[in-house]
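Some notes on the structure that comes next.
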């Protein structure tokens, strides 16, 4: 039981802590001013182009190298004498670990993509188009090179050389320079307040239950602020659609080369199909990014994303009927173009839903959701090939999965627009002088008449109205 001396000591510490608070408050205000001074708007250029170049190299070393595993598929299958389903686990585990655990390629891929979103606003889609085109150009260059390396040094030597090439990721990381945006200035301040108060309570009594409770509350508040987008209905719909989209997109990069070989295409020609897919992927990245940045399509980037995903699904449905090189080349062109198109728009659509402040965390969640489909879709497709003796069922399942992803997002957007229109109608019926506008999931009304003194519109919350 604490004695009187203990109470006296603790009381003196508490009094000291209370006396220090005015100074701490001034320190917090100073830190807030410094953060605001350092904050800036997205430069849309300058060092941002170096960030784009770094992200371009990152996508070459990660996504392009992963795609080239398709060329190793037949080599692995022959050497280990396994069926399609068993061999497919090699590629699926690589993709799953990258997206699920935050290990290996994930430590480079997600942060690089998030950095591009920090440096660009007006030309964001174009910047992402250039950055993400590394996946296509890397596939275009590496596909024939990997086939040549396999022929010269066997699959073991080819993997060793690819490992040395991937070490260039260290150079890419050196290009990533942090930037603080205007909308981010509250976050460092709040983090500083949380951290300062936590240290103050520790000095009072490091073993008190009050300190532990405060630390837990502070951590919960920080996490709630950082991941508040998880409760947004728009993000939930996006997350579900990503699961189906990821299931459909992965198997093609595993089975395109084996499928081409099964219909009589030579090894070099099959690798050439991957090269075509890669170079058209580049065109899709850049042109779709540039087009959707134009004024006429700026407000329809969401619809463009849906269209691109749906077109890839339709390409899948046609693939079983294409059984010669002259027919597979147009398929690679079409699928590659729309694959590059929707990959470019994933960060743009995510930003539209959650904003730039939570973009890094939201992208991490989006790419995390790719993990499970990437893990199971190639083995499931391989099992269907082993069971049915053809690729038709596997390709049809992937195609319908991508089409469902597009339809789901479109339906979600349609429901939101209908609800918004209904709320606007209700607001005008209740008071003709009010005009409804929305901010996230909360509906607001703005008086059309300006305040006579300040000349600014007066915004008031509309009770009972919600978009979620």
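For all residues, glycine too, the Cβ spot is worked out from N, Cα and C.
Unlike curated records, TrEMBL annotations are generated automatically.
TrEMBL has this to say about the protein:
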TRANSMEM  46-74  transmembrane segment
TRANSMEM  89-113  transmembrane segment
TRANSMEM  125-150  transmembrane segment
TRANSMEM  156-176  transmembrane segment
TRANSMEM  235-258  transmembrane segment
TRANSMEM  270-291  transmembrane segment
TRANSMEM  303-322  transmembrane segment
TRANSMEM  328-350  transmembrane segment
TRANSMEM  362-385  transmembrane segment
TRANSMEM  391-411  transmembrane segment
Message: Within this structure, do the transmembrane segment (235-258) and the transmembrane segment (328-350) have 3 or more Cβ pairs under 8 angstroms, counting pairs 6 or more apart in sequence?
response: yes
- line: Top stretch by Cβ pairs under 8 Å to the transmembrane segment (89-113) (candidates 46-74, 125-150, 235-258, 362-385) is 362-385
- line: Per the Cβ under 8 Å criterion, with at least 6 residues separating them from its ends, the transmembrane segment (125-150) contacts 48, 52, 55-61, 63-65, 67-68, 71-72, 75, 112-113, 116-117, 119, 157-158, 161-162, 267-268, 271-272, 274-290, 292-293, 301, 336, 340, 343-345, 347-348
Statement: Within the same chain, the residues 6 or more beyond the ends of the transmembrane segment (270-291) and with Cβ under 8 Å of it are 64, 67-68, 70-71, 125-130, 132-133, 135-144, 146-147, 256-257, 260-261, 297, 304, 308, 325, 328-329, 332-333, 335-341, 343-345
Message: Are the transmembrane segment (303-322) and the transmembrane segment (235-258) close enough to be called in contact, which here means at least 3 C-beta pairs under 8 A that are separated by 6 or more residues?
response: yes
Message: So, taking each listed stretch (46-74, 235-258, 362-385, 391-411) in turn and counting its Cβ pairs to the transmembrane segment (156-176) that are under 8 angstroms, which one gives the highest count?
response: 46-74
- prompt: Quick one: do the transmembrane segment (391-411) and the transmembrane segment (46-74) have at least 3 Cβ pairs under 8 Å, skipping pairs fewer than 6 apart in sequence?
  reply: no
